[in-house]
Amino acid sequence: MFIPVAQSAFKALRSAQPRVRLYFVSKNAYSSQVEYKPIRSVLVANRGEIAIRVFRACTELGIKSVAVYSEQDKMHMHRQKADESYLVGKGLPPVEAYLNIPEIIRVCKENDVDAVHPGYGFLSERSDFAQAVIDAGLRFIGPSPKVVQNMGDKVAARVAAIEAGVPIVPGTDGPVTTKEEALEFCKMHGLPVIFKAAYGGGGRGMRVVRKMEEVEESFQRASSEAKAAFGNGAMFIEKFIERPRHIEVQLLGDKAGNVVHLYERDCSVQRRHQKVVEIAPAPRLPIELRDKMTEAAVRLACHVGYENAGTVEFLCDESGNFYFIEVNARLQVEHTVTEEITGIDLVQSQIRIAEGMTLPELGYTQENIQPRGYAIQCRVTTEDPANDFQPNTGRLEVFRSGEGMGIRLDSASAYAGAIISPYYDSLLVKVIAHAGDLQSSAAKMNRALREFRIRGVKTNIPFLLNVLENQKFLNGVLDTYFIDEHPQLFKFRPTQNRAQKLLNYLGEVLVNGPQTPLATTLKPAEVSPHVPAIPLVTEPPCGLRDILVRQGPEAFAKEVRSRKNLMLMDTTFRDAHQSLLATRVRSHDLLKISPYVAHKFNNLYALENWGGATFDVALRFLHECPWERLEEMRKRIPNIPFQMLLRGANAVGYTSYPDNVVYKFCELAVQTGMDIFRVFDSLNYLPNLILGMEAAGKAGGVVEAAISYTGDVSDPKRTKYDLKYYTNLADELVKAGTHVLCIKDMAGLLKPEAATLLITAIRDKHPDIPIHIHTHDTSGAGVASMLACAQAGADVVDVAVDSMSGMTSQPSMGAVVASLQGTPLDTGVDLRVVSEYSAYWEQTRTLYAPFECTTTMRSGNADVYLNEIPGGQYTNLQFQAFSLGLGDFFEDVKKAYREANLLLGDIIKVTPSSKVVGDLAQFMVQNNLTADQVLEKAEELSFPKSVVEFLQGHIGIPHGGFPEPLRSRVLKDMPRIEGRPGAALEPLDFDKLKQDLKESHPNITDRDVMSSALYPQVTNEYLFFREKFGPVDKLDTRIFLTGPKVGEEFEVTLERGKTLSLKAMAMAADLKPNGDREVFFEMNGQLRTVHILDKEAVKEIHVHPKANKAVKSEVGAPMPGTVIDIRVAVGDKVEKGQPLVVLSAMKMEMVVQAPQAGVVKKLEIANGMKLEGDDLLMIIE
């Protein structure tokens, strides 16, 4: 664009004497005398990015800039960008501060201001403000007060349009102030209609009404919004044009009567009448139609005597007709795209025109103004598109913008640490892209938005990206229904925000302590376990899994049976750490050693690495997904079969589930990487066992049916569980189709002699079935027993690597390997490899010192033959005893365990039946009860829930039946379950469960649904934790458990090629007023801070309670804001979806609806109360 006068000339001109030029003008409302008078200082009666935009123009013109700011904006960037800034509206509400005309005029007079720029919004379309500025002897950078008044009054504007011959839409003759008037108009003219604020724009107070019964409520809400935004709730009503395009024409007029247009903008991409994306020029707009619209706009401006910048807005229908909507007698938010395509600085032009320069002097003749290319503006707002675009407020923890060629950013307080308040508009930054065509401009915008990193508040960037990638948008096929008719725009790929979430987790640990309960006061060691080296690029050697994958379970079992040597299953990845370290070993440490295991232990029968207690502990205490653990292990170990522990009809839970849950679980487990299912039942109850076998087999897994071992088959006096009992059970399992038969000696009771008897008897009856033995080394005789099993014909025995073996874990891998070297049963495992593997776990084990079993157990103990406590339960029972204050009485607990077992009928003891015995034992010690006293007082005692449910039949029927008279005395008239517990349960509706979960967790997977089917509350809490704190499984174990030390540098690898470099810097000593404590980190060399609620310190101060998202009865504020209407009272009955509260924030009102039907039990709010997001509103029960 040709600009005839240099900036230096303007500065010189301003220092010269004012000059007067006379024009002979016959145009309506224009002065015949135009005076040029330079402006030396400009006050902007506005805030945010538009204030900064004007300040920049002033600086370029050599003009002093002056800002005003409210108390709430004292830290806002716009006051810092100005040459001077002054507080206005002290003590007034946030918006009213910027509407205080007398105070703004006072600031101007006291500080030698020449002119006032109104920006947009606030006072920009108030004629009384424009008049007050002029009356004070100042210049108003905008149209004359009369034009502002006439164009701001939509009725007067319609009259002017009619007089100028511009087409209009049918509507009310004047402003409407009551709902009765609105209803009368709608009945007379029919629906649909649109309500518009009579004294403001920007989509505030705008509603489309299509149903007569919605007229009154919509009018009240729209009027209330308009009053809050513009100080007047009067409405204008007009007929609603279906499927229009929203086209607006940018105008410039001078004091001499010259008017030019700067072409048009397409603002059709709107949501609830609020512009979201603007394009200039309008794509696919016929030239003839463009010419008619621009000519009509210029004609209207000339008719009303328009000067300065303004916009005429039109609706354009599908037939090529266009209708006048309104004139915006001010600069508009989207003026930027016009500047980009014309090269004309609209703000500088406004100032120059206000000084008295004419358009020809500025070089702005119509023939000189030509559009170049296409420009797109996206308004990046702090609104959550996944939550109905609710305003999101808070602190910008991270802000990194997108830049580069063809990108312009107009912003205000967009920087790390900025506070986004609920008091003003949610606009954060305007991003403008300019290129030769629409597609290229969209590509630049897309790239720029993807470069943005905004953390701490939610933004609409995911939504904008969907718009920019829509083919209709890229082809310019647009109307105001575009967003409504493309629901796919609201399908977002969730923002991961992993780094900031991890910082929040680390801050939480530093401020409030470990986020997983530590069993002892011991601290994790400061070591980084050495991972033995492996070839970097070679695939691991083939293993047994290759046969399973290629030929199936039957061929796999046949291959196992055909091998003459003893095969090993390594339990280090599951049962070993369950027994020694309370099941707390994390995926992080398992995955580090996995590639080594794949390369060096390919001849293993299997790795036991999943299921059992590891499933719920992963969710409950380690805050990681067990399914992801399995998937990631499979990626690193493709060649070795995986084995899991399946509790028959209990799956991996502690209760009975509907049959379809067990089947679905096994199916998903196989899909995720599981191979072998060790299926057992805690009572050896055959119906439960067979259900689990069928589920595993149908899923395509190897079925390894397990007989849980107790008693002593070598002792003729132990008759309940004799040799015949076990061989008969083996017959049933083989008949049911098991691929492998397992003896599960969960307490380590299988002595060498008993092992020889049992395995020989089973092998004689079933020569072709592979036999697999599992034991615990609690007594210290585990290696001897496993060697005896091998000699008697067992194919596979369970071992743990040396540093994770012994005591309540499995026998030593190295000991078994060494014992069989050079014999026909030689395992083929290299002892040196075992040593390297063991060294890793010896170091890793020290990271889990808080859970170390040796805190309370120094060695193996042969008293297990008396108490029969399972190895996996032994240490957990010790920790439970300590937590219950029974640490000094653990010997008594062990003795009581034996008595409890006998009281219950000498049952098989493995999860969950072992928990029943353990709970009863601790109950007896706590209450100082003997077995006889328990039996005697059974009718009056309050037994643990697990004991009552066992006696009712919740986990099946024990061998020999339930103990009498204990059962009758405990249960009295309670219901009893006959037969298999799960048989009577209705199938679980997975689709409904998924929909229910999506209400709180929109991005859940089928795996999450499966976890919830098994552990509803635990999974719900895990999902909330994951959403808040991110992938904590990527942290090193010491950092995860106890947090970093101040000054410590460490790395976190999120995924391949993405590693964070972190450093804990400091923690603030002082609390924020809301109870937060600021924690400082350095991430990738940049300072990051997080605010963490100090849960101990906050007890000393009053803080509004937060709603617990996991509790549906607690209704929280969906956004920060002010309570303006409470529609219920304590004791009221409410229905789901019923309006409860109306909140107002960022000039938008929101009705909070009841999430469920119930009764209002408690109200935590009052009218006028200011709330933060998630503050508790009420409790509905």
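Here, residue 1 is simply the first one shown, and the rest follow in order.
Glycine is no exception: its Cβ is also placed from the backbone N, Cα and C atoms.
Annotated in TrEMBL:
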type     : residues               : note
ACT_SITE : R330                   : active site
BINDING  : D575, K744, H774, H776 : Mn(2+) binding site
BINDING  : R647, T911             : substrate binding site
DOMAIN   : 38-488                 : domain 'Biotin carboxylation'
DOMAIN   : 158-355                : domain 'ATP-grasp'
DOMAIN   : 566-835                : domain 'Pyruvate carboxyltransferase'
DOMAIN   : 1112-1181              : domain 'Lipoyl-binding'
Exercise. Over all shown protein chains, what is the count of other CB atoms within 10 A of the CB belonging to D575 (Mn(2+) binding site)?
Worked result: 30
Exercise. Which one is it: of the recorded positions R330, K744, H774, H776, whose Cα lies the shortest distance from the Cα of T911 (substrate binding site)?
Worked result: K744
Problem set entry | Across the domain 'ATP-grasp' (158-355), average pLDDT on the 0 to 100 scale | 92
For this session: To the nearest whole angstrom, state the Cα distance for the pair H776 (Mn(2+) binding site) and R647 (substrate binding site).
Result: 18
Exercise. So which of the binding-site residues is most packed in, judged by how many other Cβ atoms lie within 10 Å of its Cβ, out of R647, K744, H776?
Worked result: H776
Exercise. How many Å separate the Cα atoms of D575 (Mn(2+) binding site) and R330 (active site)?
Worked result: 73
Problem set entry | Between R647 (substrate binding site) and H774 (Mn(2+) binding site), the C-alpha gap once rounded to whole angstrom | 15
For this session: Only counting partners 6 or more residues apart, tell me which same-chain residues put their Cβ under 8 Å from the Cβ of R330 (active site).
Result: P118, G119, Y120, S124, E125, G142, A309, G310
Problem set entry | the domain 'Lipoyl-binding' (1112-1181): DSSP-derived helix, strand, coil residue counts | 0 helix, 38 strand, 32 coil
Exercise. In this structure, which of the binding-site residues H774, T911 has the fewest other Cβ atoms within 10 Å of its Cβ?
Worked result: T911
Exercise. Near the Mn(2+) site, what residues other than D575, K744, H774, H776 in the same chain have a C-beta no further than 8 Å from the centroid of the listed C-beta atoms?
Worked result: T571, D745, M746, T775, D798, Q810, G871, G872
